[in-house]
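Student: The annotation active site is assigned in Swiss-Prot to E149 on the grounds of sequence analysis. Taken from Swiss-Prot, the feature Zn(2+) binding site applies to H148, H152, E223. Among the features that Swiss-Prot reports, transmembrane segment is placed at 6-26, 40-60, 163-183, 198-218, with the record citing sequence analysis.
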Amino acid sequence: MWFKRIGLFLLTNILVVVTISIVTSVLGIGPYLDANGINLSSLLVFCFLWGMGGAFVSLLLSKFMAKMMMGVQVIDPRSASGAERELYSRVERLARTANLPMPEVGIYHSPEVNAFATGPSKSSSLVAVSSGLLQTMDNAEVEGVLAHELAHVANGDMVTMTLIQGVVNAFVMFFSRIISYALSTMVKDELQYTVRLIANIVLSILFSILGSIIVAYFSRTREYRADAGGAKLAGRQNMIAALEKLKRTFDAPEDERGREALATMKISGHNKWMALFSTHPPLEARIAALKNSGY
């Protein structure tokens, strides 16, 4: 799995370099930049290192930041009892079934129906659930949610999405700098620095927004895989039951708080335009995919 992911990463970066080379050749940008003292290869390497570096720093800090920002209380199995002990035991059993190292397990207090997995590697991961999820879902549904999150860990989704984000970061940095430099040459010398600075900021924001559509697309494909993995671990019916409970919570007109919480999670949404930025496919599509699968 690791070699396959690295191979995909290398292939993606080769395609990035080839695409940039073709674009610069067709537009005649390369000689123009060289004539003005900008080395295209050096800029590309710089953007790649910073883009990937930022993505991996975020990955390395992901577990720490999640605990701090979400207020996750990690369960100590030596002193846990009641619902905490039951939750820990469920994760332990599912992790053993998936042949995974035991992750840290935590609970954070929030009315939203949510759970997530994070961490830089399979051996250093965290699975956390909200108190709202534990209050809303029954045992079978909780089992499905936990299996889904552990499937993310087993599939290496945190690393995969980091690689994709790093490539997008590199693209954003590279093209925003190239275009901002080209725009700055169209004004007087004394205004070039200001134009280049402002254009770089505006283009970086614009390209980042467009790049997030690409990242969200890949994230949605990983969600389907995690659903399939969760179905294998906990059973298809448990996985479907969990998603159906989420859908009922989201669709309940009297529960606007639950609707807002799920919309914040980007689990689903009624705005077709915003669906491009959603990291999760529509719940209806996920349920249908599971019902049509053979798990």
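Cβ from N, Cα, C; glycine included.
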Student: Cβ within 8 Å of the Zn(2+) site centroid (H148, H152, E223 excluded): which residues?
Tutor: A117, E149, A151, D157, R222, R225, A226, D227, G229, G230
Student: Just jot down the residues in the same chain as H152 (Zn(2+) binding site), at least 6 apart in sequence, with C-beta under 8 A of its C-beta; none if empty.
Tutor: A117, M158, R222, A226, G229
Student: Residues of the same chain, at least six outside the transmembrane segment (198-218), with any C-beta under 8 angstroms of its C-beta?
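Tutor: For the transmembrane segment (198-218), the far contacts come to 160-161, 164-165, 168-169, 171-173, 175-177, 179-180, 183-184, 266, 276-279.
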Student: Using DSSP and collapsing to three states, where does E223 (Zn(2+) binding site) fall: helix, strand or coil?
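Tutor: Assignment for E223 (Zn(2+) binding site) reads helix.
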Student: Reported as an integer number of Å, what is the Cα distance between E223 (Zn(2+) binding site) and E149 (active site)?
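Tutor: Distance (Cα to Cα, whole Å): 10 Å.
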